[in-house]
Amino acid sequence: MRRPPRAALRFLLLLLLLLLLLPPVPQAAKKPTLCKQCRELVDKFKKGMVDTAKKNFGGGNTAWEEKTLSKYEFSEIRLMEIVESLCESSDFECNRMLEEQEEHLEAWWLQLKNEHPDLFEWFCVETLKVCCSPGTYGPDCRACQGGSERPCSGNGHCSGDGSRQGDGSCQCHVGYQGALCTDCVDGYFSSLRNQTHSVCTACDESCKTCSGPTSRDCGECEVGWTLEEDACVECDSTCVGCTGDGPGRCKECIPGYTQDSGECTDIDECSQAEKACARKNENCYNTPGSYVCVCPEGFEETDDACVPTAQGEGAEGSPTQPPSREEL
């Protein structure tokens, strides 16, 4: 079989490389659910009602205005003004739903508004059946966990709440757990609990678990704290675990510190026999728990050494001031 010419192979390889280097095609924005579209359309309709309320009236013959206004309030003219302002010309989904459901909105406005004053409930829940009432979820609009009045005991969000989706399970707020979000997680305690309400309040920062708000109410101390005289006290910043307050009560020292005379003290890496800074001409400066390596003034850094700059030649070995605390 005849092989393709090299020029063609090079072209194919170049084309493949260009395809690999091209940025990924951005995904199209997620299409809003029918419930969300319906809810937004209703919100815009309500705004249109507010914007057109008592439009073009104000001052003059009050009796005439009231008579004329009452006619305008329920008129087709006002309905058309509201409908015309509902959707932006570029909002395809809004315009499509409006086109498909305009007769329903007209029927509600002219005939059903008094009997069904809640447009969202009548239009989105009962007529189109794309949403559910608050506190209910799923295809059959079942009550959320904990009931539709206070889903998840008021301490969480019901999955699918107000939509035809979700499973009704509770997604608890911070500090709560359990099927109905009535239990407290570690770091919180129950400050109120009865047949209808459960309130979890944060423990003191020293407590991992607690029965009240202070450091003396801890059941278990948080990491970095220890129990002393019935209260959790904070370990020294140089400690890894401790038996009490202060650097002399550390179980172990953090890196850069060592036990000396019963306390965790800073290791001076720059004074040890083995040089901490490996590059030639480099100065070592000790810092709390660590150290820094800096080229002297008149020198510049390379991978292997500090070398004199053109202006600093002959300055090798000259004393320099250590860097300021800000520079460290």
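From the backbone N, Cα and C atoms, a Cβ is placed for every residue, glycine too.
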According to the record in TrEMBL, which candidate from C172, C184 pairs with C181 in a disulphide?
C172
Intrachain C-beta neighbours of C172 (disulfide bond), sequence separation six or more, cut-off 8 angstroms:
C152, N155, G156, G178, C181
How do the residues of the domain 'EGF-like' (140-182) split into helix, strand and coil according to DSSP?
4 helix, 11 strand, 28 coil
So how many of the residues in the domain 'EGF-like' (266-307) end up helix, strand or coil by DSSP?
3 helix, 18 strand, 21 coil
Please give the average pLDDT for the domain 'EGF-like' (266-307) in this predicted model.
91
